[in-house]
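Colleague: For reference, the structure I am asking about is given below.
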Number of protein chains: 2
Amino acid sequence: MKKNVIVGQSGGPTAVINASLYGVVYEALMQKEQIGTVYGMINGIEGFLADTIMDMNSVEQSGELELIKTTPGSFLGSCRYKLPEDLKDDVYPLLFKKFEEYSIGYFFYIGGNDSMDTVSKLSRYAAISGSEICFIGIPKTIDNDLVLTDHTPGFGSAAKYVASTVREIAIDASVYDNKKSVTIVEIMGRHAGWLTAASVLARKFENDNPVLIYLPESAFNTDTFIEDVKKALEHTSNLVVCVSEGINDGNGTFICELASDVGVDTFGHKMLTGSGKYLENLVKEKLGVKVRSIELNVNQRCSSSMISATDQEEAIQAGISGVHFALDGITGKMIAFHRTEGADYSINYVPEDVNLICNQEKTVPPEWITGNGSDIGQAFIDYALPLIQGIVNVPEENRLPKFAYRK
Amino acid sequence: MKKNVIVGQSGGPTAVINASLYGVVYEALMQKEQIGTVYGMINGIEGFLADTIMDMNSVEQSGELELIKTTPGSFLGSCRYKLPEDLKDDVYPLLFKKFEEYSIGYFFYIGGNDSMDTVSKLSRYAAISGSEICFIGIPKTIDNDLVLTDHTPGFGSAAKYVASTVREIAIDASVYDNKKSVTIVEIMGRHAGWLTAASVLARKFENDNPVLIYLPESAFNTDTFIEDVKKALEHTSNLVVCVSEGINDGNGTFICELASDVGVDTFGHKMLTGSGKYLENLVKEKLGVKVRSIELNVNQRCSSSMISATDQEEAIQAGISGVHFALDGITGKMIAFHRTEGADYSINYVPEDVNLICNQEKTVPPEWITGNGSDIGQAFIDYALPLIQGIVNVPEENRLPKFAYRK
């Protein structure tokens, strides 16, 4: 008897997480000889536990599958649900009983670190319980912080949004170029500065804005920062500075913690806001210059106007490859991206052990950070430029709220 | 002897203020029989006083004139310089002496209220001093608050950015649709709520997000607001609320003033931040629900990815019409947009008395605001929809920082 597929999305959305969903569903529907029904779990594993699933065939037949390729956000809805560490917990037999009820043979989970943790636990429980279900992780995160992969789908589009937006902010800030000003742009990234580093791609010439870029990977010192700003204002009247939300003093204290209380999310991550706001007030106080701060906020991960064609294509391919590997009996793996050595940029899709990936964090290599922690070097530019290439023209009709078309 | 043209830009930039500059320069360069040199003043009238001007012919010859049509920000740079009320002030003879030195016959100023104030004063001084220079205002403001015109260039693109971005924020917020949440989006607009009202265009069906929309035109009551939010959460799990930066209690106290100190800009306008942040904290305190606030910030006025083709074309036509009227000897006028009565949307470009326009503010008509001040009616949608139509595909090479190509 043919086994069924189930696919889910988890964690924060990206501009191309639905492109990966498209890849999985498109390819699974193609493999009619080996696969029965293709299910989507609504709101991830948490929704699956509540039996909220849908038949993805209807999405394909309505023509909506093509549409979701360029729709940001998670079409199936998401969750932030952490499975218990203890594999003896009651939830595991419950989950696998449900898998059996739905005749699931192949399980795909599209997400970041925490989603790979789910894939890890489910595949480990399958091993000890004798289940033959294949569990495959499809990477997704704007943070680009997964290990064992060159980069992750979602990063390229977010990086393109950051670079384009910072460039437009720099143009906007420069219209009063007979007056000195400082604009501080706060970019997403708790511990990994990949997205903030992408702001370097906004530059068109040497010393162009953003002149100063600070990542969480370098210890941030407020005195040095003020000196950096003072020096930069000597050659750039309308200075743009980019900072990660997670810049910290190098000893675990976030700069924004100097200002305000912070909360903690389900996974124990500190919820940060306001490193930009904090520095805005600092610059005002220390230098008395005109200053504003801008938080790029969720548009970094949900803007369809800046989808990178390269990112979109790779997100689809990750989904397609996942289906192929699962049909080959591969389990407990994440589809990793290996960059081909040599002149031309290309990617091989390789299954890597999800247990080595979950709960790890890949940060920007120290040697790619220059200017004593205030700049980004050419190595990063060479790495990131291929990832933002290509324009995707998104039809205006396509920008639908999700539940306008999820029946 | 042929007279020369000078054109400047003033106030905050928009996505299409350079399209109007294109219109003036393109048409002025075409009228070779009547016009000599076409000058641009760098940083508006303030820069002109410091003799920072440029020959726009070089911009046309380098091919950059075509490029600036889709470049946001003010190509010539801007200023916020208020001419003295007293026409007997020394600055007036100084300015007109400079106009004479450069043989200026036609003066174009692209801007909003404050720029029309400059056109008004210069044309009135010309009248009492016997100068024959023609002074023409070309409207520009994302705020859409100029009187005697159906709308202003810059508003359509900003409205399109707001509608698209709010729609994407709503998609992003809905991925955890098994958990209740509130997202508050703060949109530019001190006294006029046009841009915030445009968020209604994000809706795809009845009761779709943004469910609640608050403009500065209606008195804002925090108790009523909390009741509105509570009620809306009953039918919409992931609620999106849009508020103007300038929402106030109806007696002149801005909601954000309840929270923090505010500064004042050159023109005596209060500089606001934080009505969204204030309401975020209020909702957290009163309802204990997950809540975040997002300030759309300067990207509303500088995003090239959301230029409305209609807005761009009208901005160009406003510039072209300005040149024609000036050559006919018209002075002290702003190019106003009159919407043709009837089924199909079209615009006539008509000179209106700048003295009746400057320092006035057109707000959203009370009858277009519904839901006891928490919603926007169909009349606004009918008004605004034609203004955001049409996609402009902006080449990636085009997103240049201004000083990369202003020699």
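A Cβ is built for glycine as well, from the same backbone N, Cα and C atoms used for every other residue.
Keep in mind that TrEMBL annotations are predicted by a computer and have not been checked by a curator.
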Colleague: What does TrEMBL list, out of A:E85, A:E234, A:E245, as binding the same substrate as A:T141, A:I142, A:D143, A:M188, A:G189, A:R190?
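Modeller: Of A:E85, A:E234, A:E245, A:E245 joins A:T141, A:I142, A:D143, A:M188, A:G189, A:R190 in the substrate site that TrEMBL records.
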Colleague: Just how spread out is the substrate site if you go by the largest Cα to Cα distance in Å among A:T141, A:I142, A:D143, A:M188, A:G189, A:R190, A:E245?
Modeller: 16
Colleague: Let me know the most crowded of the recorded positions, choosing from A:K140, A:R190 and counting other Cβ atoms within 10 Å.
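Modeller: Buried the deepest by this measure is A:K140.
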Colleague: Given the recorded substrate site (A:T141, A:I142, A:D143, A:M188, A:G189, A:R190, A:E245), which additional residues of the same chain have their Cβ within 8 Å of the Cβ centre, ordered by sequence?
Modeller: A:D145, A:I187, A:A192, A:W194, A:L195, A:S244, A:G246
Colleague: Could you tell me which of these binding-site residues, A:G12, A:G189, has the fewest other Cβ atoms within 10 Å of its Cβ?
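Modeller: Least crowded of the binding-site residues A:G12, A:G189, by Cβ count within 10 Å, is A:G12.
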Colleague: Show which residues of the chain containing A:M188 (substrate binding site), separated from it by at least 6 in sequence, have their CB under 8 Å from its CB.
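Modeller: In sequence order, A:I142, A:D143, A:A158, A:L195, A:S244, A:E245, A:L296, A:Q300, A:R301 meet the Cβ cut-off.
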Colleague: I need the CA-to-CA distance for A:G189 (substrate binding site) versus A:K140 (site 'Important for catalytic activity'), whole Å please.
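Modeller: That separation, Cα to Cα, works out to 15 Å.
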Colleague: Across the domain 'Phosphofructokinase' (A:5-321), what does the pLDDT come to on average, as a whole number?
Modeller: 92
